[in-house]
Structure formats: C-alpha cells, structure tokens
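Q: Have a look at this one.
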Amino acid sequence: MLSPQGSLRSGKKRNPFAPPPQWFTEVSYPLFQVPGPREREKNEGGRPGYYDEGFLTIQHAVDMAITEYISGKDPSASISVEMQRMPYPKYIDDKYLVALQSWLPFVLLISYIYPAINIAKSVVYEKEKKLKESMKMMGLQNWMHWMAWFIKSFLFLSTTTLLITILLCTRW
C-alpha cells in the first residue's frame, strides 16, 4: 500500500470566505464558446485551475507511484515531465462573433415585439369600434373574419421572419 510522506501545498493564497473553486466536471464545453484555445493569455491554462490548485501535482504523484509499482524502479530519474498547451487549429479572432453569439437571441426577441404590439393595437382598435359586430350584421361569416386576422398577422410576422432569414443566411 502506498502512503505519501508529507503533505501537498498550493502556493496560491485563497480568501477563506470565497466559495470553493469548481472544476466544472459536469459540463463538456463552456456555455459560450469563443474562437481559439481556452484561456489563451494564461500560460498555465486558466480555469478550472488544475495547475494552480495542485491537481496536476497530485496526478503526477499518482502516475509516478503507479509506474514505480508496476516497474519496480524509481521512475523520477528516467521520466521528465513538461506541461504544454493542447494544440489548436488556425482560427480567426473575431470579437464581433463573440458579441453576436451573446446578443443575437435578445435581438431576435426584440425584432418580434414591434409586429406583436401592432397586432395587439389592431385587435384593441377593432374591439373599441365594434368592427366585428358591424361585419357580422353585413353578413360576414365568422371563419372569414378569423382568416382575415390570420392573414394580416401572418404577413406582419413573416416580413420580420423574412428579414431575419436573409440576414442570417447571407454570406458576408
């Protein structure tokens, strides 16, 4: 059985009142992915902090212990360990793409609000002027009235949808 001598210490001081750090092992990718390698400005890899919090030290100690157990020799003399960043293919560092990724759902939502407000305004106007009752007195059937409302609302919303589709499908 392996029993380590001494204790591992992290050189990083932490605020005792701060929440414990998380390694986010339950997710495969970050919520918003940015082009390029993760935390490219930090040499040690950044979050989740495997280097700063001592995880790599523990992993190295366990690897050395397993290697020594299997081979029966001290592996520290023959194995040198280096830390390198994972290779990443070419990418374009586009700040506009990052902004678009976070703001596009909100802009799409806002783009449908104006037509919806106009439709609601038209419904209220019809109720105030009692236009449906007037049309019924003139012989308009109920299904024709609802079909007219559907076509009008469909045209209002389809213009917005058509503009959004053109903007999203056009190669810029």
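Here the Cβ of each residue, glycine as well, is placed from N, Cα and C on the backbone.
TrEMBL entries are annotated by machine, without manual review.
According to TrEMBL:
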| type | residues | note |
| --- | --- | --- |
| REGION | 1-24 | region 'Disordered' |
| DOMAIN | 76-169 | domain 'ABC-2 type transporter transmembrane' |
| TRANSMEM | 103-125 | transmembrane segment |
| TRANSMEM | 146-168 | transmembrane segment |
Q: Within the same chain, where does the transmembrane segment (103-125) have neighbours whose Cβ lies under 8 angstroms from its own Cβ atoms, ignoring anything closer than 6 residues to its ends? I mean 6 or more beyond.
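A: Contacts with the transmembrane segment (103-125): 131, 149, 152-153, 156-157, 159-160, 163-164.
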Q: So, by DSSP, how many helix, strand and coil residues make up the domain 'ABC-2 type transporter transmembrane' (76-169)?
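A: Per-class counts: 72 helix, 0 strand, 22 coil.
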